[in-house]
Every structure is written in structure tokens, then in C-alpha cells.
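Reviewing the structure listed below.
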Amino acid sequence: MRADSGAQGSAAQDIMINPLDSYNIRVVTPTSCDKYPGRYTSPYSAHRKHHARNVARKLGASSGLIFLSGQPTINLRDSDQSRPFRQRRYFYYLSGVDEPDCSLTYDIEQDLLSLYVPDFDLHRAIWMGPTLSREDAQDRYDVDHVRYHASLKYELQAWLDERKQGSELYLIHDSEKPEHLPKDLPLNLEQLRPAMDTARGVKDEYEIRMIRQANKVSGLAHRRILESIQSMSNESQIEGSFLNTCISHGARNQAYQIIAASGPNAAVLHYDRNNETLNKKPLVCLDAGAEWNCYASDVTRTFPLTGEWPSDYVRDIYKLVERMQDECIRLIRKGTRYLSLHNLAHDIAIEGLLALGVFKNGTIHELRQSGVSKVFFPHGLGHHVGLEVHDVSERSIMAIQRSDELQYRPILNSTCLPPCTLSAPLLEEGMVVTVEPGLYFSPLAMANARHQPYARYIDFDVAEKYVHIGGVRIEDDILVTATGYENLTTAPKGEEMLAIIRGSA
């Protein structure tokens with residue numbers, strides 16, 4: 001049942017919208033739930049509408065209206081089946097609503113956060129179950145007002161009629177502009193996204209709790225695979241086991257495609273075919289992380305199938321990557337430039353590969369400046385984690401002096417993500433970042449390296465002896481705290497990991 005767009009005025013508005021209330025189907029559950037911090041409840045009452053207010057502060061605006069659309073229901077092309085639903089993260093950040101076809105407004109001056117839910121549709125309710133009602137939404141989400149979608153255009157018009165001179169409508173994308181707006185309405189499409197990116201870079205207590213829970217479930221799933229890996233014969237079984245554990249513990253969604261790469265497949269950074277035999281493979285690199293209430297975890301473990309290192313080659317590369325991670329994590333604290341940790345990881349990799357004979361003919365400084373270490377460590381040390389597995393954050397063009405750029409440029413590439421970039425600000429308390437060093441022996445990368453100026457630093461005969469390994473990566477999610485750091489990742493690694501595989505833990 002939809003409102004007739006021909007009616008006008010507040011009286012007509014009430015007539016059209018209020019009857020929708022009579023169709024509510026309300027489900028009452030006996031369990032309590034945390035309300036998402038659109039505004040905080042006790043004991044955080046001093047931080048009401050924390051996220052919305054924080055974004056307004058980053059905007060530097062005392063008035064204006066923020067409008068955000070959630071993910072609409074969309075069918076697959078040439079099909080009557082809908083696409084798997086995934087909520088838009090900017091919308092979720094201000095609302096906590098993980099339901100399709102919703103939208104919100106935040107009136108900065110009035111400090112009013114309003115949620116708009118789908119109009120009741122009897123046919124849809126019969127076939128798919130009821131959509132979110134106003135009462136359920138008001139109970140579940142900590143917003144000031146809940147309205148049906150039919151009232152949105154009237155609410156927007158009311159704001160337009162009363163808005164102050166200079167007040168703007170803030171949008172992320174021009175394509176999300178609400179219908180029925182005057183063509184001459186001043187839209188601000190430039191400031192909202194940077195403001196929200198900056199706000200999202202530092203997590204509050206609720207967000208940290210969600211990321212910690214996502215890591216807890218991921219840790220259980222990784223542990224279950226270690227316990228049963230000796231009975232598995234194909235990468236697909238690893239993927240299936242991980243999904244089964246996550247779903248059975250309440251985490252239906254993965255933060256990203258599972259990477260279950262055995263042997264040489266582990267040299268492909270985002271390998272996700274997950275369909276090859278494990279037979280005679282020295283290692284499995286499992287990069288998999290569950291999502292909890294839209295918040296991601298990002299966890300990688302690399303392990304031998306028997307719980308014993310099959311050769312010195314395999315053990316030496318694992319131990320080198322383990323050292324890279326341990327030394328970088330130990331230095332995380334607020335005020336640290338993350339890029340310096342990336343630099344340290346490359347220095348440790350270069351030192352280790354020199355000792356193993358993969359590198360030759362140069363000092364650590366010479367090899368770093370040549371860029372040769374990117375052949376075997378081609379990605380950034382880490383990135384932010386939050387509502388996205390590669391989460392957003394502030395970008396400050398003043399973060400690094402031009403004179404310091406030369407020492408970092410050779411070991412950076414276009415795939416490096418904040419905070420592992422020249423423009424990233426220093427680490428702050430509340431940031432969650434990954435530390436994920438890796439060493440890979442990709443035949444393609446090594447073939448290309450033969451034609452580069454830094455080829456003289458590589459002993460290709462020695463490097464070829466490691467190709468069967470594929471690659472080793474170890475990745476944890478690290479919270480920056482007031483006094484240092486907390487490792488949120490609970491998946492076993494190192495000697496504990498090996499003992500679990502052997503059944504001796």
C-alpha cells in the first residue's frame with residue numbers, strides 16, 4: 001500500500017501515512033540486544049548520537065542535513081532472484097541498520113537522527129516475511145525518529161522550508177539524491193565522505209567489541225581446521241569447514257572471499273578458487289575472517305599439513321615471516337608512523353633472504369633502495385579493519401615530509417592501503433590495523449624480475465628452490481591502545497598451531 005503522490009499538505013500527509021501503522025506485524029524476542037551507537041544508552045549517555053555528532057564535527061558544520069541511503073533490494077540481471085544483500089557501510093555507520101531499502105537523515109542543527117523504513121507491502125510480507133516496522137525499529141535502533149519511506153519527501157520539504165541560509169544537503173554520491181527535490185537546491189557532494197572516513201578511522205567501544213567478536217569466531221574456525229586438516233584432501237574442504245564453523249556460531253557472512261591456497265597457489269595473493277588437491281603440498285595459506293554485525297576480521301595462518309615442517313626451506317621462510325610480524329607488532333603504539341613498520345618488515349625480509357642466499361651482492365640499504373624486496377613482499381604490511389576489511393580512514397597530505405619520502409618510495413606500490421601510505425596520519429588510540437607480512441615465490445614475479453635493474457641482487461637458482469612453497473603470510477588484527485596495543489586475533493599460530501595439527505595440544 002503506497003501513498004498517492006497527488007495529495008498535498010500536512011493533513012493529507014497524515015491521512016496517507018498513518019494507515020500504514022495498522023498493517024504492522026511485530027515479532028517480540030525474549031533476548032536483549034545492544035543498540036547500535038547512533039546514540040549511546042547508559043552507561044554512555046554522555047555520548048548520545050556519538051557517530052552522527054562525530055561526523056558533524058569532522059564536517060565543521062553547525063547546520064545542514066545529512067542524507068544516506070541504505071542498500072536497496074536489487075535483482076540479478078535477467079533474473080527474478082535478488083542479489084545477496086550487503087548493507088552500505090556509510091549508512092550502517094550512522095544507523096546500525098542491517099535491513100534493505102532504508103534511508104536516514106541527520107539534522108545537524110537540531111541534532112535529530114531519523115530512520116526511514118520501507119512502507120508495508122502485504123504481498124512482500126506474505127512471501128518474504130514482514131519488513132521492519134516503525135515500532136521494531138524504534139526498539140532495536142537508537143535513533144530519534146522512525147518514519148515510513150512514504151513520509152520522506154514531506155520531511156525533506158519541511159527541512160527545506162525551515163532551513164537557514166547557507167545550510168546544505170550533504171550526500172556521499174549524486175546518484176543517491178532524493179527524488180522531488182528542487183533543482184537549485186545546494187548539494188554538498190565533497191565533504192561528507194572525507195568526514196565519515198576520518199570518523200570511521202578511530203573505533204569506539206562498541207565497534208571494538210564487534211571486531212573482537214568477529215575475531216573470536218574466526219579463531220574458532222581456524223582452530224577447527226587445524227584440528228581436522230590431516231583428514232582433508234582438497235582446498236574446498238577447508239573452505240567448507242571454515243564456513244560451517246562461522247555460521248554455526250552466528251556469523252553468517254564472511255568479511256571477504258576465503259583464500260584456502262595450498263602449495264604454489266599460496267603465491268597468488270587473492271587466490272580463491274579453493275578447488276585443488278592437498279596431496280603432496282608443503283603448506284596451506286588460509287586467509288579467512290568472519291564478519292560480526294557488519295564488522296570485519298582479517299586473519300591469515302600458514303601451516304604444514306602434518307604439523308611438522310616438511311623441509312628446512314619451508315621452516316626457514318615461516319620463521320622469517322614470523323619474525324617480521326613479531327617485531328612489527330611489538331612496536332605498535334599511538335604516535336607511531338605505520339609506514340616505518342612497513343620499512344622495518346622489508347629490512348628484516350632482506351636480511352633474512354640474504355642469509356638464505358636468495359639475495360646477494362648488496363647491503364640491506366642498497367637492496368631496499370633498489371626495490372628488489374617487492375618481488376617477494378609485494379603488498380603493504382597492513383591496513384585498517386572495521387566495517388570494511390580494508391577500512392577507510394583519514395588521509396592527510398601533510399603526514400610525511402618530502403625529504404623523508406625517498407626512504408619509503410622504493411618499497412611502496414599502488415596496492416598499499418592506509419595506514420601503509422605516505423599520506424597516512426600517525427596511529428591513534430582506537431585504530432584497528434592488520435599486521436600481515438608475507439613472502440611469496442611467484443614464478444611470474446620472478447620471471448619479470450629477471451628483466452629489472454635489481455636482478456643482479458637475486459640468486460635465481462636459489463630462489464627457484466622455494467617456488468614449491470608458494471608463499472607464507474601471517475596476519476593479526478591489532479588494536480592501538482592508550483599504553484600500546486592489544487592483539488584481537490585468537491587463531492593459533494606458531495608452535496601452538498603445530499601442536500594442534502599433531503593432536504598434542
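Glycine too: its Cβ is placed from the backbone N, Cα and C atoms.
According to Swiss-Prot, the Mn(2+) 2 binding site annotation covers Asp287, Asp298, Glu475, on the basis of similarity to another entry. Among the features that Swiss-Prot reports, Mn(2+) 1 binding site is placed at Asp298, Glu436, Glu475.
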Three-state secondary structure, Asp298 (Mn(2+) 2 binding site) (per DSSP):
coil
Could you name the residues, excluding Asp287, Asp298, Glu475, of the same chain that surround the Mn(2+) 2 site, i.e. Cβ within 8 Å of the Cβ centre of those residues, in sequence order?
Ala288, Gly289, Val299, Thr300, Thr434, Glu436, Arg473
Go through Asp298, Glu475, our binding-site residues, and report the one whose Cβ sees the most other Cβ atoms within 10 Å.
Asp298
Residues flanking the Mn(2+) 1 site, with Cβ no more than 8 Å from the Cβ centroid of Asp298, Glu436, Glu475 and excluding those residues themselves:
Asp287, Gly289, Val299, Thr300, Gly382, Thr434, Val435, Arg473, Ile474, Asp476, Asp477
